[in-house]
Amino acid sequence: MLLKASPAISLLNTTGENPGSLFPSVSSLSNKNLSVSPSFRSKTGSGHVACASKGANNKPLTGVVFDPFEEVKKELNLVPNVPQVSLARQKFTDGSEAAINEQINVEYNVSYVYHAMYAYFDRDNVALKGLAKFFKESSIEEREHAEKLMEYQNKRGGKVKLQSILMPLTEFDHTEKGDALYAMELALSLEKLTNEKLLNLRNVAEKNNDVQLTDFVESEFLAEQVDAIKKISEYVAQLRRVGKGHGVWHFDQMLLHGEEIVA
């Protein structure tokens, strides 16, 4: 940015001809393209106003680091003119875009499995309403994660590309473990798998020097995944203690009533 002295700058002398003054007298300014404006003379006659003329110092100031009008030309050249191309996209690689779409697919697949678990435990001949509620909420949460990733993809100027979803299991009754413990162990495995995929997404962002994507994954997902893994691990431990009998019903009631003490 080039900065020039403004013609409106004025030098004022109100103390007379003092060589040590910060403001020199009019006579000392006469050889520096400065003129005295009669309309600005002091009423007492002891002061003068010297106004810089247009022909004064026109040399640019040095030491300016940032020239926005010059540097913005590079960004102007990068603004696309094709309607199909995002205007907001900046420092966002194809690798990051593809990794986000892959994570969206992971979240939808996990949500689909949780929804199948909800349908199983909601059957009349299973009737574990607490587990049905838990897995339904888990399914909704995973779908919300997918939508959050979709919103971020659009925000960065990428394109959301939804992929195929596999058909989940419909039966969760295990001969040795029973249905409650088997389903909860499966849920724990799914949460760990999701966490692994999120870490891979973060690594892609770091590899592409995408600081914004790295921050998004860390702040929005990773801490929540650790909490979910801890909670479900405790559920697995509790179900292993109660076995397949009456204790499963008590555990189910705890989930149904928000972990209140069940008599």
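Using N, Cα and C of the backbone, Cβ positions are placed for all residues, glycine too.
What TrEMBL lists as Fe cation 1 binding site is E107, H145, E191, Q225. If you look up TrEMBL, you'll see E142 marked as Fe cation 2 binding site. According to TrEMBL, the domain 'Ferritin-like diiron' annotation covers 90-243.
The record gives E107, H145, E191, Q225 for Fe cation 1. Within 8 Å of the mean position of their Cβ atoms, the other Cβ atoms in that chain belong to V106, V110, E141, E142, T194, N195, L198, F221, E224, A228. Of all the binding-site residues listed here (H145, Q225), the one with the fewest other CB atoms within 10 A of its own CB is Q225. Its Cβ taken as reference, E142 (Fe cation 2 binding site) is surrounded by 23 other Cβ atoms within 10 Å in the chains shown.
Mean pLDDT, taken over the domain 'Ferritin-like diiron' (90-243), works out to 96 on the 0 to 100 scale.
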